[in-house]
Every structure is written in C-alpha cells, then in structure tokens.
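Below is one structure, written out as structure tokens; the observations come after it.
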Amino acid sequence: MLAGLLAAIMSSVDTALNSASTLVICDFVQPRRPKLDARALARLGRHTTLGMMFIAALWAPAIDRFPGLFAYLQQAFAYVTPPLVAVFAAGMLSGRLSANAAFAGLITGHGVSAAWFIATQLGWVKVHFTVVAFLLLVMTLLACALWQALLGGTVTDEQRLAVDASHVEPAPLAVRRGAAMLTALTLVLVIAFW
C-alpha cells in the first residue's frame, strides 16, 4: 500500500517538475538563445528541475504554518494567480500591450506579490487574502500600463490576430445567461464572506 502511495506521489511530483522545467526552457531560454543545441538545453532543463526541487524542499516546511491544506491552497493562489490573470486580461482586452511590457508587468506583479506575502507572514500587513488578490490584480494592471508607457513597443500582427474577435460568433444566449448567473453568485459569495 505504502509503495503504491509513494509511487503515485513521486509520479505527480516528477510530472510537475518536468512540465515546469520544459515551460522555462521552451518559453524563456530557447527563444532568447536559439543557437543552443539539444544537449545544452537538456542540461539546462535538468538544472532547472533540480533548482525547482530545491525551492520546493525549502518551501515544504512553511506549509505546516497554515491551518489546513485548503487554507494554504487558497492563500497561495491568492498571491500567485492575480498577476497572471491581470497580464492575460490586459493582453486580451487591450490591443496595445506589447510583449515586453506584459513580461515586465508580470515580473513586477509577482515581485509585489512575493513582498506582500512575506510582509503578511511577518505580521507587518494584516489584509485578508481575498482582498489581497484584488489589490494585486489592480497593481499588476497598473504596472503593465506603466511599463507600456516606459518601454513603448508595438503589437505585432500575430499578437493582434490572437485577440481579434471580429470573426468569432457571439456565444449562445443560454451560455451568456449561465455566465451572468455564475458571476452574480460569485459576487454574492465574496460579499457574504467579506
């Protein structure tokens, strides 16, 4: 029984680490250094996996400080996801956000998020994590706008095509009603537990 459980855990951890390493190598390293051969990329991938495993091992004892696993997941997502959602939304809703400004906004958002999380853990800031998520979203959107103003840059035709919705048919009425009801219920829950 125990061997099966350990095998399942190892498989999940291995999958997550390899996927994260592949994303880093394929999305960040390879585009900036296209001349690296497969052997160098594989070596970098192994080092990235090892680094992520080391960070996870250092972080694991901190999970014990939370009242429960569900509380930990909610708080972790409240700090990690708002910068990602903000950059994604800004890219989809704005036709002027360049890739460099989006990346700088994402780095800024995650930096503010990490600093805020540390300040909260040290007891310097006492704001509920659901409010923190909204504030981080707004700060990241502002950071994207600021970086766009500072860095400039143009949106490529490929980027413009990704957000062009002129050829997309509107969603059926039932889908739009369902989305509106889900949004309203989410707002009711957020307000009820505020």
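For all residues, glycine too, the Cβ spot is worked out from N, Cα and C.
Keep in mind that what you see is a predicted model, and the values were worked out from it rather than measured.
Annotation source TrEMBL lists transmembrane segment at 44-64 (among others). Within the chain, the transmembrane segment (44-64) has long-range Cβ neighbours (under 8 A, six or more residues past its boundaries) at 17-18, 20-22, 24-25, 29, 36, 72.
If you look at the transmembrane segment (76-95), the same-chain residues 6 or more away from its ends with a CB under 8 A from one of its CBs are 102, 105-106, 108-110, 112-114, 116-117, 129-130, 132-134, 136-138, 140-141, 144-145, 155, 159-160, 163. The transmembrane segment annotation in TrEMBL covers 76-95 (among others).
For 101-119 (among others), the entry in TrEMBL reads transmembrane segment. With a cut-off of 8 Å between Cβ atoms, the residues of this chain six or more beyond the transmembrane segment (101-119) that come close are 79-80, 82-84, 86-87, 90-91, 125, 132, 136, 139-141, 143-144, 146-148, 150-151, 153.
Residues 77-79, 81-83, 85-87, 89-90, 96-102, 104-106, 108-109, 112-113, 116, 120 of the same chain, all 6+ positions outside the transmembrane segment (131-153), place their C-beta atoms under 8 angstroms from a C-beta of that stretch. The transmembrane segment feature in TrEMBL is assigned to 131-153 (among others).
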